[in-house]
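Asks: Input: one structure, supplied below.
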Amino acid sequence: MYGIEYTTVLTFLISVILLNYVLKSLTRIMDFIIYRFLLIIVILSPFLNAQNYGINLPITGSMDTPYTNPTREEVFLTSTLCLYYPTEAATEINDNSWEDTLSQLFLTKGWPTGSIYFKAYTNIASFSVDPQLYCDYNLVLMKYDATLQLDMSELADLLLNEWLCNPMDITLYYYQQTDEANKWISMGSSCTIKVCPLNTQTLGIGCLTTDTNTFEEVATADKLVITDVVDGVNHKLNVTTNTCTIRNCKKLGPRENVAVIQVGGSDILDITADPTTAPQTERMMRVNWKKWWQVFYTIVDYVNQIVQAMSKRSRSLNSAAFYYRV
């Protein structure tokens, strides 16, 4: 009986040894095949011309220059473009079919006629009260007016950035701004904003909390106001609430599907002086003021370059959504 058990054990050990030998032999054979294959590739590679799917960059020149891959999908074939312009443009052109004409011209740049939308606004002030940006890409034309420089800058800051806003109850509470990204934004037919900074005892600094006439006036009868005060200091506010709504807002970052185009003017609007605003000159540009036909021709010519500086976004903007989450 013991002899049978020894035979079984011996047979098992011999099987294990044979299996181990076979596996090692297979491993050596595979190594030989792989190394031989790699050697052949190394020898033949100088004589082969493989397809390079990268983008060729020049050895010399500025590496800051953007090189676009021409094989990428053309975004305008599946996107919508809104063009916002002042009503005076249509008045000067005086042609009932001018929008159809421009649509046909946009078609030559690859934009289907059904993807272009023209939106008129009366003036900067009225547009700032009720901005509506619904397209995948939005181009806002603003004619330069020396008397409205601040209004234009604030509107550009509003449109080119995303804001998270909450209501303010200025009758019950004091408010303070926590950092540079924190602003108070007011909208309405007439916004007059007065502030009174408070010390740690909630006493006015240079003003009386019980007398609004002693408050500092930071805006008078404006339709759009972006108020910036000293951070970390409580303020008592006085606002014309019957004609204006004020919100406590936080700047989240750039709204990359919007570009502002200044039409004419010797001075160029720039909102990048705000330390919370990243440089965005590519989405804020100027065209020379001639005639409105000339302005629109210029936009058609450069529309694709302008869109390349933008990003398609699905989030829309209107005055109601802006107050809470943009």
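Glycine too: its Cβ is placed from the backbone N, Cα and C atoms.
Straight from Swiss-Prot, here's the annotation block:
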| type | residues | note |
| --- | --- | --- |
| BINDING | Asp95, Gly206, Thr214, Glu216 | Ca(2+) 1 binding site |
| BINDING | Gln177, Asp228, Val229, Asp231, Asp301 | Ca(2+) 2 binding site |
| DISULFID | Cys82-Cys135 | disulfide bond |
| DISULFID | Cys165-Cys249 | disulfide bond |
| DISULFID | Cys191-Cys244 | disulfide bond |
| DISULFID | Cys196-Cys207 | disulfide bond |
| CARBOHYD | Asn238 | N-linked glycosylation site |
| SIGNAL | 1-50 | signal peptide |
Asks: Rounded to the nearest Å, what's the C-alpha distance separating Gln177 (Ca(2+) 2 binding site) and Cys249 (disulfide bond)? Just drop the number here, would you?
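Replies: The separation of the Cα atoms works out to 9 Å.
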Asks: Which secondary structure state does DSSP assign to Asp228 (Ca(2+) 2 binding site), in the simple three-class scheme?
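Replies: DSSP call for Asp228 (Ca(2+) 2 binding site): coil, neither helix nor strand.
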Asks: If you count the other Cβ atoms within 10 Å of each Cβ, which of the recorded positions Gln177, Thr214, Asn238 comes out on top?
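Replies: Buried the deepest by this measure is Gln177.
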Asks: How many neighbouring Cβ atoms, not counting its own, are there within 10 Å of the Cβ of Cys244 (disulfide bond)?
Replies: 22
Asks: For Cys207 (disulfide bond), identify the closest of the recorded positions Cys165, Cys191, Thr214, Glu216, Val229, judging by Cα separation.
Replies: Thr214
Asks: Calculate the distance in Å between the alpha carbons (Cα) of Asp301 (Ca(2+) 2 binding site) and Cys82 (disulfide bond), and round it to a whole number.
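Replies: For Asp301 (Ca(2+) 2 binding site) versus Cys82 (disulfide bond), the Cα atoms are 16 Å apart.
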Asks: Please identify, among the binding-site residues Gly206, Thr214, Glu216, Asp228, Asp231, the one with the smallest Cα-Cα distance to Cys82 (disulfide bond).
Replies: Asp228
Asks: Roughly how many Å separate the Cα of Val229 (Ca(2+) 2 binding site) from that of the residue listed as 'N-linked glycosylation site', to the nearest whole number?
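Replies: Val229 (Ca(2+) 2 binding site) to the residue listed as 'N-linked glycosylation site', Cα-Cα distance: 14 Å.
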Asks: On a C-alpha basis, identify the one among Cys165, Cys191, Asp228 that is nearest to Asp95 (Ca(2+) 1 binding site); the candidates are the recorded positions.
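Replies: Of the recorded positions Cys165, Cys191, Asp228, Cys191 has its Cα closest to that of Asp95 (Ca(2+) 1 binding site).
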Asks: For Gly206 (Ca(2+) 1 binding site), find which of the recorded positions Cys135, Cys191, Cys196, Asp231 come within 10 Å, Cα to Cα.
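Replies: Checking Cα-Cα distances against Gly206 (Ca(2+) 1 binding site), the recorded positions within 10 Å turn out to be Cys196.
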